Number of protein chains: 2
Amino acid sequence: MSALVLSGKELASAIRADVAERASALAAAGVPPRLVVVVATADEASAWYVRSIAKAAGKVGIVCDVVDLGPDATAEVIRGRLGELSADPAVHGVILQTPLPEGCSVEELAGDIAFEKDVDGANPLSLGRLAAGLPAFAPATAEAVVRLLEHHEVELAGRHVAVVGRSTVVGKPAAHLLLDRNATVTVCHSRTRDLAAVTSTADVVVAAVGRAGLITAAHVAAGAVVVDVGTNPTADGGLVGDVDVASVDHKAGAVTPVPGGVGPVTTALLLQHTVQAASH
Amino acid sequence: MSALVLSGKELASAIRADVAERASALAAAGVPPRLVVVVATADEASAWYVRSIAKAAGKVGIVCDVVDLGPDATAEVIRGRLGELSADPAVHGVILQTPLPEGCSVEELAGDIAFEKDVDGANPLSLGRLAAGLPAFAPATAEAVVRLLEHHEVELAGRHVAVVGRSTVVGKPAAHLLLDRNATVTVCHSRTRDLAAVTSTADVVVAAVGRAGLITAAHVAAGAVVVDVGTNPTADGGLVGDVDVASVDHKAGAVTPVPGGVGPVTTALLLQHTVQAASH
C-alpha cells in the first residue's frame, strides 16, 4: 500500500478565499491591505519567489510593493527602511527577503520590523513571543507545517513529533508550534547521532533540512506521517523535497508532496497574516 | 553502586569569585554594578528569595536595590518603572520578581526590560534572540542546567537530552541552550504519553516540572545523568526536587542534588549577568 498524499492545495485555496473576502472588506472600509517586500539581492531564485508572492497577493486583493535596495545596500540602509515601513500606517505587512548582502544577518536586521507587521515571523521578538505564548506571527513555513497536519486531521496532542532541522525560520518555530499543540517534540539536526534511530520512533516526522533524499524508509516508523519542508532545486529546473518518496512510500502512512504540500500553504499564510495585521 | 552527586556549589563559588573580581574592577573604574529587583507582591517565599539575591549580590560587590511597588500595583505602574530602570545608565541589571498582581503577565510586562539589562532573560525578545543565536541573557535557571553539566564534563554534543517541562523560564530556554551545544533535544510535558518510555531513552534527563518525586528509576536509563531543577517545599520547611532520589540512585549514573545543585549556580549566574551587563 502506498502512503497517502497530504496535498496543501485545498488548504491553501481555502485560506486564500478567506483572505480575499477579508481584503475586500478592509478595502471597502478604506484600509486596503498592503504588504511590502524589502529586497537587497540580485539573486534570481529570490526574485522569482518575490514575484510569486506579489502575484498571489494581487489575486486576493492585497497590494504588494517590492522595495529593491540593491545588492550593495548596507545594514544601516536596510534597517532604516524597515523602521520607516514599520512606522507607516498604510503598510500592514513587512517581509525582509533573503539572501542579504554579505555581513548582514537577517535575525539582527529583522529586529527593526515592528512585530505587529512581521508577517513572516523574522524578528526574534516574534519567535520569543511565540515561545512565551503571546500573540505573534510565526514564520509562515513553520506555521504551514502545523496547519497542514491539522487540515488532514493528524492528531498531535500527546504524540511524538521529530523535527529534523534546527533553523530559526523552520525547525525551532515549528517545534514551539507543535509543543503548543501538546505534541512531545524532538529536535534533530546534523549532529544527531543515528538520526534514523530517533526519527523512526516518532509518530510524525518533519523534514526541514534542505538536503534532497535525506529521509528514507529507515527513518520512518510504519504508518508514520511525514511532512516534507525541503525545496531543493534539481538539475532540470524542478524541485524536490528532503524526503526520498520512492523509499518511504510503502512504509509511511502519509507524506506531504513537493511541490504542492507545505509551499502553497506558506504563501497563503503570508497573505493571511497581512490581512490579520491590517485588521488590528 | 550509587549515582554520583553533581554538586553546584563549587561551580557557583567559582562564578562568584569571577564576579567579585569584575565587580571590583568596575567599581574602581567608576561603574559600580547595580542590580534592581522589582517586586509587586506580598508573597513570603518571594521576599525570602529576593533577600537571598540581595545578600549574595552584596557579598560580591554588586549593589542590589529592591523596588517594592506593592501587591496592588497596576501593569501600567510596573511597566513604567521597568522602562525608567531600563533607561537609567546607573542600573545594569533588572529583574521582575514573580508572582505579580492578578491579571499581570510576566511575559508581557518583562517586554519593558531592555534586553541588554534583562539579566534573568524574562523579556520574550531575550528568548527569541537566544533561539536565533544572537547575544542575549538566558533565564539564569536554564543556563545553570547547561553550565552545571559542562562543569561536570557531561558530554552534550550528539547526545539525547530529554527536558521534562515546557515553561518559558526553564524548559524552553534550556532546550535552546542544549540545541546550541549540539544535543538532540526532546521536550516532554504533562500531555506526553508514557513519559517514562521517552525519558528512559535519553542520555540526560532534565526535570523541570515542579512536582516532587515525578522522576523515578522507571524514567531513567541505566547510567543516565539526571538534572533536577525542581524546588518543591516540604511540609517541614525543607526543599525537594522533582527527582525521587531514593528510586533513581541505583540506576542513574549521576544526579544533581536539591538543594545544592542548580540553585546556587542560578543565583551566581544572575550576578555574573549583571557584571556582564555593566561591562558593555
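Heads up, residue numbers simply count up from 1 along the chain you see.
Each residue, glycine too, has its Cβ placed from N, Cα and C.
What TrEMBL records for A:Gly165, A:Arg166, A:Ser167, A:Thr231 is NADP(+) binding site. Long-range C-beta contacts of A:Arg166 (NADP(+) binding site), restricted to its own chain and to partners at least six residues apart, with a cutoff below 8 Å, comprise A:Lys172, A:Val187, A:His189.
Sequence annotations record features per position, and here TrEMBL assigns domain 'Tetrahydrofolate dehydrogenase/cyclohydrolase catalytic' to A:6-120.
Taken as a whole, the domain 'Tetrahydrofolate dehydrogenase/cyclohydrolase NAD(P)-binding' (A:139-279) shows an average pLDDT of 97 in this prediction. TrEMBL lists A:139-279 with the feature domain 'Tetrahydrofolate dehydrogenase/cyclohydrolase NAD(P)-binding'.
With DSSP states grouped into helix (H, G, I), strand (E, B) and coil, the domain 'Tetrahydrofolate dehydrogenase/cyclohydrolase NAD(P)-binding' (A:139-279) comes out at 51 helix, 26 strand, 64 coil. Among A:Gly165, A:Arg166, A:Ser167, A:Thr231, the residues given in the record as binding NADP(+), the maximal Cα to Cα distance rounds to 16 Å. There are 20 other Cβ atoms within 10 Å of the Cβ belonging to A:Thr231 (NADP(+) binding site). In sequence order there is nothing to list, since none of the binding-site residues A:Gly165, A:Ser167, A:Thr231 has a CB under 8 Å from a CB of chain B. Taking each of the binding-site residues A:Gly165, A:Ser167 in turn and counting other Cβ atoms within 10 Å of its Cβ gives the largest count for A:Gly165.
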